[in-house]
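Questions regarding the structure given below will be posed in turn.
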């Protein structure tokens with residue numbers, strides 16, 4: 001399946017594609033409407049149990065249970081939005097008047113901005129990690145650098161250190177910001193360490209340390225990403241400014257991108273005002289009594305909100321990085337047209353995907369040394385992502401489900417690429433029918449992908465109830481129509497991105 005080219009994916013009749021679009025959009029809207037009705041019907045109970053907040057619009061309540069969204073929204077209002085604006089102003093001024101000082105000026109600004117929020121003690125933790133990682137990298141032993149950086153990533157999970165660090169701050173939110181910073185900076189330290197181990201030995205250590213400092217404290221990416229490798233960062237920062245047409249288009253780009261980010265923020269807020277999906281998924285009783293269409297709406301709303309949320313969280317930093325003439329990873333692709341585990345990993349968080357490929361998958365052998373090596377490399381990559389996110393039990397299930405999903409997809413790809421199966425398919429199926437068969441296979445893959453995302457976003461109990469209600473008790477009533485709609489989603493995904501992963 002992964003080797004099918006655009007030419008082999010024959011276009012379908014326009015009427016058929018239109019039907020898929022109507023069914024896809026219609027099922028989304030109707031399921032959201034049913035979830036909205038359920039939310040309003042049980043609003044009093046949800047408000048009593050989960051303290052729904054007063055909405056931004058009169059007459060509406062607001063679901064406050066998505067921790068990540070509320071956390072970053074509150075910090076944006078408190079300080080982050082203003083420090084990001086300060087970064088943009090400083091970058092523009094130095095680019096115009098002192099272009100040679102732009103990189104050090106932004107590095108110092110990022111350090112001061114981090115110090116103002118994390119405090120001297122919090123930033124000192126990051127500086128200690130930076131120093132240890134840099135020192136270990138000088139030995140040019142990738143295994144030692146990995147061991148050092150993994151230990152540094154583990155330190156926030158040591159209870160005694162947690163208690164000490166929590167005592168530095170007045171609120172848990174400030175401590176959480178330090179934890180997020182340590183986790184994201186840990187990826188940067190690994191990137192630097194391995195790039196340094198692989199680079200020629202004639203590089204000046206002081207220069208390398210300065211670049212590592214700049215890379216670590218680059219303000220737009222500091223707290224939450226997206227991830228860019230050390231190699232790409234220094235190459236793009238060192239590159240001279242391009243022709244003036246980019247400067248002339250900077251204002252129009254800024255206005256257009258800001259407009260899109262504001263629109264995405266409004267959509268996210270609208271969703272948690274009209275559908276209380278996070279509160280509903282926090283109580284097993286509500287999930288059990290959801291009507292079938294509302295149950296589907298809950299699954300779609302949870303993953304769609306996650307997608308829109310990261311359009312905002314990655315969109316603003318990526319916009320500022322682009323204005324700094326960096327090339328940030330592409331923003332997440334819409335989850336409704338994601339029809340495979342492989343595609344989800346490639347296109348949702350492209351920065352993390354590239355990081356995993358460069359520093360884990362390829363060094364361990366990847367696909368160059370046979371299927372067993374590929375299976376092992378993929379498993380280690382998923383294991384690292386699980387540990388980096390915290391290693392909780394639901395993350396372990398999520399990582400295993402994704403690993404299994406990728407392995408099954410790769411196995412089917414190899415099966416369909418075999419001479420015998422390929423000849424049978426070519427002789428008995430038209431190009432259009434092959435595409436329909438591919439979409440049908442991807443419908444099952446999408447079902448498992450949604451299930452794994454529900455485990456990641458809601459916990460094991462959410463995935464377990466969905467599995468029981470849809471595939472065990474509802475195997476003859478709920479599963480067939482669900483797969484039919486997922487088949488339509490897969491067809492739209494193939495229409496939108498005609499290169500199956």
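Including glycine, each Cβ sits where the backbone N, Cα and C put it.
Because the structure is a prediction, the values reported are computed rather than measured.
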What range among 21-48, 49-76, 77-104, 105-132 does TrEMBL describe as transmembrane segment?
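So the range that TrEMBL calls transmembrane segment is 105-132.
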From 197-220, 221-244, 293-316, which range did TrEMBL mark with transmembrane segment?
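It is 293-316 that TrEMBL annotates as transmembrane segment.
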Restricting to the same chain and to residues at least six past its boundaries, which positions have a Cβ under 8 Å from a Cβ of the transmembrane segment (472-490)?
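Counting only partners 6 or more residues beyond its ends, the transmembrane segment (472-490) has Cβ contacts under 8 Å with 19-20, 23-24, 27, 292, 295-296, 336-337, 339, 438-440, 442-444, 446-447.
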Should anything in the same chain at least six residues away from the transmembrane segment (437-460) have a Cβ under 8 Å from its Cβ atoms, list it; otherwise answer none.
1, 4, 9, 281-282, 299, 302-303, 306, 335, 338-341, 344, 393-395, 397-398, 401-402, 405, 408-409, 412, 429, 466-467, 482-484, 486-487, 489-491, 493-494, 500
Quick test of the contact rule: Cβ under 8 Å, at least six residues beyond the ends. What residues does that give for the transmembrane segment (293-316)?
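Sequence-distant neighbours of the transmembrane segment (293-316): 27-28, 30-38, 66, 68-69, 72, 84, 220, 224-226, 257, 260-261, 264-265, 267-268, 271-272, 275, 277-278, 280-281, 287, 328-329, 331-332, 334-336, 348-349, 450, 453-454, 457-458, 466, 469-470, 478, 482, 485.
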